[in-house]
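Per Swiss-Prot, the features are as follows:
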ACT_SITE  Cys239  active site, nucleophile
BINDING   Leu105, Thr106, Pro107, Val108, Thr109, Asn110, Gly188, Gly206, Glu332, Leu412  NAD(+) binding site
Amino acid sequence: MILNYIKKAKAAQQAIDHYTQEEIDKVCIAVGWEVYNDENILKLATSAVEETGMGNIPDKVAKHKNKVLGVLKDLKDAKSVGLIEEDFDKKIKKYAKPVGVVGALTPVTNPTATPASNGITILKGKNAVIFAPHPKAKLSTKMAVDFMREGLRKVGAPLDLIQVIEEPSLELTGELMKQVNVVLATGGGPMVKAAYSSGTPAYGVGPGNSVQIIAEDCDVLDAAKKVFTSKSFDHATSCSSENSVIVHESIYDRFVGELIRLGSYFVKNERKVLEEYMWIQNAKGYRSINPAIIAQSAKTIADSAGIKVSEEIKVLLVEGASDIEKDFFSQEKLSPVLTVFTYREFEEGYKILERLTNNYGTGHSCGIHTFNQEYIEKIGSRMKTSRVMVNQAQAAGNGGAFFNGMPSTVSLGCGSWGGNITSENITFKHFINVTWVSEYFTPKRPSDEEIFGDYLREVKAWSSTSIRQKQSLVNIRSPHQRVS
C-alpha cells in the first residue's frame with residue numbers, strides 16, 4: 001500500500017523536475033490560497049474541533065491564517081531552485097535540488113494548520129509529500145490535503161505531489177518512514193523517536209514546556225495580557241504555550257491581579273484535587289497527563305475536577321512548588337493551566353527557569369518580559385533552549401510572527417538538548433539538497449605567524465615567567481640548605 005503512494009509521489013515529482021523558480025512559487029501560492037481563504041479555513045477549523053474535541057473554532061481560524069500567510073511571506077522571493085547563492089571571492093556556487101519524497105507525520109492537536117504549512121514548505125523545494133495523520137484527526141487532515149490538491153489542479157501541477165494516508169495506523173506510518181527520502185515528525189515523543197529509529201533521515205521536534213520570567217521592570221499590563229492570550233489561545237493546543245511564569249515579588253500582586261481580571265481563576269485549596277484529575281495512572285502504573293484535559297477549556301477542566309468556576313474563566317492558575325522536579329505542575333500541561341512562581345533577585349528567578357526547563361522541555365523555548373538588556377543577555381547566553389522570546393506571547397512568537405523575525409513554521413527543532421538533529425525552526429531550507437560547485441583560484445595559504453603567532457608568543461612569555469619564578473624559589477631556599 002505504501003509503495004503505491006511512493007510510486008505516485010515519485011512520478012509527480014519527476015513531472016515537475018523542469019519547473020523553474022517562478023513556476024514552483026506559483027504552485028506554492030495556489031496551494032496556499034486553498035488553505036488560507038476564509039471559506040475553506042472555517043471548514044477546516046470546524047472539522048478539527050468536531051473530530052478531535054480539542055481547541056475552539058475562532059482561534060483555529062486565526063492560527064491557520066497566521067501560519068499559512070507567515071510561511072508564504074517567508075517563501076516569497078526565497079531561492080529554492082537552481083543557483084541559490086554565489087560567493088565570488090571564494091568562487092563557490094550553490095545549487096538547490098529536491099530531497100525527494102517527504103513523509104510528514106501530523107499531530108492530533110493541530111491537524112489542519114500543520115499539514116497546510118508544512119505542505120507549502122516542502123513543495124517549495126520541488127518535493128512531494130505524503131502525510132500520515134493522527135488516527136483521531138484523519139478526516140480533518142484529509143480535508144486540508146484535498147484543498148491543497150485542488151490548488152495543484154488549478155495550476156496544472158500533478159495532484160500526487162501531495163497525498164495523505166486515508167486510514168492511518170502505526171504499521172502504515174512505520175512503513176512510510178522507511179520508504180520515503182526524508183521524515184518530518186511533528187508530534188509527541190514516541191512519534192519522534194520512531195522517526196529517528198526508522199533508518200531514514202528525519203527532522204523531529206521536542207516536547208514543549210515554555211517558561212517566562214516576568215521581571216520587575218516590565219510593562220505589567222502588557223506582559224499579563226500577552227501571557228493570558230497565549231495561554232488561553234485555542235485552549236493551549238500549541239506546544240509553545242506558556243506552562244509557567246516566574247514573577248518578581250515587587251509586581252507579583254499586580255501581575256496576578258491582572259491575570260484574574262482578564263479571566264483567570266487561582267486554584268488554591270483545590271490544587272491537589274486538580275492535580276489528581278490532570279495526572280492519572282496509566283497502563284504501565286505511572287502517572288501521566290489525562291488525555292481528557294488536553295486542549296480543553298478551563299471551565300471544562302475545572303468542572304470535571306469538581307472545582308466551581310464561572311463561565312468567563314479562560315485560564316486556571318496554580319502556585320508553583322519548591323520541589324520542582326517532583327511537582328507535576330512544573331511540566332508541560334497541554335491545557336490552559338498556568339503555574340506561577342515568585343522570586344526576589346534575578347539569579348533566583350533564573351535558577352527556577354533553569355530547573356523547570358531542565359526537568360521537562362529542555363531545548364524548546366523560554367522567554368522574559370523585561371527591558372533590561374543584561375537580563376536578556378544572561379538568558380540568551382546561558383539557557384539550554386533554542387528560542388528566547390522577549391516581551392512576546394510565547395505561543396505566537398516561537399514559530400514566527402508578523403511582530404518578530406523568527407522563521408515561520410509549525411515544526412520547532414530543539415537541538416541535541418531535546419533529542420533533535422536541529423535547533424532551528426524547520427523551513428524550506430531543510431528540504432533541499434545543496435550542491436557546492438567550487439572553482440580553482442590562486443592558493444591563499446596563511447603563514448604560520450598568522451595562525452600561531454599570538455599563541456606562541458603567549459607560550460614564550462609564560463615560559464619565561466615560569467623560569468624566573470622557579471629561580472626565585474631556588475634563591476629563597478638556598479641559604480637554608482646544608483653544606484656537606
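Every residue, even glycine, has its Cβ placed from backbone N, Cα and C.
Positions of Swiss-Prot features highlighted on the structure.
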residue	record	contacts (Cβ under 8 Å, 6+ apart)
Leu105	NAD(+) binding site	Phe131, Ala132, Thr173, Met177, Val183, Leu184, Ala185, Thr186, Gly187, Met191, Ala195
Pro107	NAD(+) binding site	Thr114, His134, Ala137, Thr186, Gly187, Gly188, Met191
Thr109	NAD(+) binding site	Thr52, Met54, Gly55, Thr237, Ser238, Cys239, Ile294, Ala295, Leu334
Glu332	NAD(+) binding site	Pro207, Gly208, Asn209, Cys239, Asn243, Tyr360, Gly361
(message) DSSP secondary structure for Glu332 (NAD(+) binding site), reduced to helix/strand/coil, please.
(response) coil
(request) With NAD(+) as the bound species and Leu105, Thr106, Pro107, Val108, Thr109, Asn110, Gly188, Gly206, Glu332, Leu412 as its recorded binding residues, calculate the greatest Cα-Cα distance and give it in Å as a whole number. (result) 21
(request) Could you tell me which of these recorded positions, Gly188, Cys239, has the greatest number of Cβ atoms within 10 Å of its own Cβ? (result) Cys239
